[in-house]
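Taken from TrEMBL, the feature domain 'Acyl-coenzyme A oxidase N-terminal' covers 1-108. According to TrEMBL, the domain 'Acyl-CoA oxidase/dehydrogenase middle' annotation covers 119-229. Positions annotated as FAD binding site by TrEMBL: Thr123, Gly162. Annotation source TrEMBL lists domain 'Acyl-CoA oxidase C-alpha1' at 259-428. Annotation comment: TrEMBL describes Glu413 as active site, proton acceptor. Under the heading domain 'Acyl-CoA oxidase C-terminal', TrEMBL lists 506-673.
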Amino acid sequence: MTYFLDGGKDATELKEKFMLELERDPIWRKDDWPNLTLPEMRERTMAKARLIVNFLANEPVHVFRARMAVISTVDPGFWTRLGVHYGLFFGALQSQATSNQLTYWVQKGALAVHNMYGCFLMTEMGHGSNVQALETTATFDEASDEFVIHTPSLTATKWWIGGAAHTATHGTVYAQLIVRGKRHGVKVFVVPLRDPKAGTLLPGISIGDCGKKFGRDGIDNGWVQFTNVRIPRSYMLMKHTQVKRDGTVIDPPLAQLSYGALIQGRVAMVVDSGNTAKKALTIAIRYGAIRRQFASPGADQETKLLDYTIHQHRLLPLLAQTFAMHFAGREVDAMYTALMEQLDSVQPGQDMTTVLETLKETHATSAGLKAYCTWTTLNLIEQCRQTLGGHGYSEYTGLAPMLKDWAVQCTWEGDNTVLTLQLGRFLVGCCREAIAAKTKGTRAKLGAGVAYLAQVPEILKRVCPVPVDAASGEVTDAMAVLDPSILRTAFEVAAACAVAKATREFETALSKHMQGVSATNKKARAAATERAHEDSAHARFVAAKTHSMGYLFGKFVDGVAKAPADLAAPLHRLVQLYGAHAITEHAGVFLTSGYLTAAHVSAVQTAMNALLRDVRKDAVPLVDAFNLTDFVVGSPFGAKDGNIYERYFERVTKLNPPLPKAPYFESTIKPLLERGIQDEEYPELED
């Protein structure tokens, strides 16, 4: 199973090699993290950068990516701190710079991290998701052939900038391009921030520290303000929009091509969701297989937590979700790689219709999946933490800090609610396109992930073929409802129903807002369209979440279909469990679609207990198949040998040695105990 999940024996051995190297290098020690101060945490995090940069310079890209995938599970703070430079700063150079500009910055040290450490300055105090409304300005000065970067207000202060507080020497700044008084939208500029030799700020640059955060304290997030900072015109990244020496602005014919950089980060978070969920479940399921609580009448010993039906309901559906995210992450990563290869091979004059359709679908799908998977993993970590009982509140058992480190995934790289609404808008557009094609007697050409919408409205009339007994009103074969083909159709019909509802709400609102608007008034018509989208926002949100839930299931089924025959049975049960849990938790969505009846849903709920008992037998081997070493898991409760109490007590006492008396006994405790009480009045015992 490990080889299948990793993609082969070679991949597994490479992963094991990286885990062993990290475990044996004292710089990656992490058992004492809860006791470190903020400066200590940041210093230790940054000390790892030099080591990893050497690997980057000497390893093939696919090997280095595999190394970083392991590191992201071990130390998400460091992964982010280095990722800000490579994924965001250098990623912006790759996606926004011309080939000559990219060569220039590579020669300056951007790739080798030599005399340069980058940060990514997009988010402002007053704006995050609404990138087009950023306030920082980049005004072109024709006389000097320079751009003037300026922070015009407090809310324009760049905020939460990873690496800015102490480290970054350069940054890719997102700012409003202004040429001859006219705004041309948000563009990207490389701005030097610090002298790399002295570490001091350059003229016009003000930087401060955002301080203590909820998690990922190894990252030095900071704020940045610019006061009329001048940079050469060539420091504007001009792969798409160009500004000539005379001030002529040339906009790209296909602005959508700049989406690639956004998609990369979102795809990475889908993959990371699965990896982090594996770590959390390894802790919770191994603990549940060891911890005993209460004994059944006549039993010799107490019952393992994992043998309780309610505990299985709490944990095992999360295991199915984790496998689903694993396979979805693999598929989406492959989709993104293929898309970027297509974009890189585009030739002048080439028909871009197919490429742009794929780009739009991948952009929308990755946005929805990023939101759905990071939300799912946040909930999963918290549920796993609670299954540890009181011990889950301890930093030393691993899940509390994991929860704090993960929470940011739901708001950075796009707020999850906003991203979900973006997917919802795309789905409504696809549905309208499908309906319009039907009226013309044709069929809409939609991407594979949304192809089911081309069947609207016929798909909404489908009903589950599993029979319901007329006499009892019940389904006689409950497991038949959990056949993957039945479940797949159930997800598609549910999603189609939700999207169709959102589309109807949008059309109704659009008709209302378009009343009295001239067909030639483009600005007013655009405003009416936006109001219609807002009026149907909640329906779009529900449609997008339902679509993502079903998309994940589809990729899960596709992934399991490629498994060796001897792995089919346990994986098939997980597929069924994912579907059964989704139907149980979102019964309203499935019942509304009409494909499943109340009898079908009731049958699924009944079948859950038997299915969970079967999955429970596989639970420990399945998390063992994740093949995470004790060092990577980082929790005494997730150790493979099961010695949870000995390891837990050892860690707590090692990092908190018993003291003869409290260090603040003399200053606070003793004065409390020895205070004079002759003047204090107390109620009588009878009172």
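Every residue gets a Cβ built from N, Cα and C, even glycine.
Structural mapping of features recorded in TrEMBL.
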residue: Thr123; record: FAD binding site; Cβ neighbours (10 Å): 20
residue: Gly162; record: FAD binding site; Cβ neighbours (10 Å): 25
residue: Glu413; record: active site, proton acceptor; Cβ neighbours (10 Å): 21
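For the residue listed as 'active site, proton acceptor' paired with Thr123 (FAD binding site), the C-alpha to C-alpha distance reads 10 Å.
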